[in-house]
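Peer 1: A single structure is presented below for examination.
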Amino acid sequence: MDLQVDVGGRRAIAELSFEPGAAGASCGFVADLELARVDHAGAKLPFRRDGDTLHLALPASSTLEQVRVEYVIPDVDLRLGWLANGSTLVWPDGCGRVFPCHPQPADGLTFQLELTGVPEGLTAVYPRQVQTQTPAYVVAWAVDEFTRIDLGATEAGTQIAAWVRPGEEAAAREGTATLRAGFEFFEQTYGAYAFGPEAGSVIVDWRGQAYGGMEHHPYWHVDVTELADQEVHLHEAAHGWFGDGVRIRCWEDFILSEGTTSYLSARAVEATSGPEAASRTWADFRDRLDRLQSGPHSKLAWFDGCNEHDVIADGLFRNAYMRGAFFLRAVEARVGRESLDAALRAVYQRHVGAAPAGVADLLTEIHTQSGYDPRPCANAWLRSETLPLSLDSC
């Protein structure tokens, strides 16, 4: 996809590419947008609207087909979309309020992005291109009075930075103090970063619509309420490996994204700040786990089916972080850190920018690397309303 956005006019042009054989039927996209024109091969392309779904009548073709969509992004106060304060918020399925998209996480996307008409005195932070197949929710930008803080380069050469607004630098420096070293830990332990030569945290204000951060690699967003929290910055950085680098196959595999990155962020805390800091992180995770366990909602973190559950309405997001992190910690205690890291590294290197993966793929790889079958442990941690008797091992 080639996406051009006029910031001042909130107008955009999306040039969508279709692989051979993808057409010949009515191709559907989520597009909650004000459409001005849809073209194919220099002529208007028939389409129809069904709610917020755009259906394109593309002819069958054996070659790459391109469609040009001109539209206006509505200037309304929504929970998802292009927010009035200049940043986008599209996770998990709000991409259609910014560009025509397939919001399902398995659908890989590469893109080029250009923002024009940025008001004088403001800076737009966004990736000019991403050549790694990644979920649609990765596409994002932020426009504000940003100052770039240089955090140095990793040994692999990735430049790490943070973008802050007036008055935020001191707290942001505290929150990103370990970011470069943590990023280097991910590169050295799991494999090369796939989203370009620069990466870092962009501080935004979601005004209570969301919390924590959003994994828009290479420039992920962190809400202003969390800008001094080192674990949040490391968590979002870890999505460059799982969640963005490795796309999940179904929303029911959400734990492979958020559970894994929660575990990885705790590992990065240990690698950068030592075991005592890691113990504090795990104690905080335990508090969060206990609060979830005492709450009124389902405690399950891994569901059957594929995209049959809504990640928000059905609560997939609620338990995946902590139950997933403690599950992997228990597996580590059982098989050893080296074997678990080998499994995570193998899944990443096999799937980054390629076919999506599911929880079952990680379980299979753990078995391959260690000889231990983690499925009973996974069922106890991820498919049970109760917690295992031991939180420290399978």
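Note: Cβ is positioned from N, Cα and C throughout, glycine not excepted.
Below, the features straight out of TrEMBL:
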DOMAIN    230-371  domain 'Peptidase M1 membrane alanine aminopeptidase'
BINDING   H235, H239, E258  Zn(2+) binding site
ACT_SITE  E236  active site, proton acceptor
ACT_SITE  Y321  active site, proton donor
Peer 1: Just to be sure I understand, if DSSP states are collapsed into helix, strand and coil, how many residues of the domain 'Peptidase M1 membrane alanine aminopeptidase' (230-371) fall in each?
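Peer 2: Here the numbers are 98 helix, 4 strand, 40 coil.
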Peer 1: List the residues of the same chain that sit at least 6 positions away from the residue listed as 'active site, proton donor' in sequence and have their Cβ under 8 Å from its Cβ, in sequence order, or write 'none'.
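Peer 2: Within the chain, the residue listed as 'active site, proton donor' has Cβ neighbours under 8 Å at E258, G259, S262, R288.
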Peer 1: List the other residues in this chain whose Cβ sits within 8 Å of the Cβ centroid of the Zn(2+) site residues H235, H239, E258, in sequence order.
Peer 2: G213, E215, E236, A238, F242, G243, S257, T260, T261, S262, L264, S265, Y321
Peer 1: Taking the Cβ of H235 (Zn(2+) binding site) as centre, how many other Cβ atoms lie within 10 Å?
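Peer 2: There are 28 of them.
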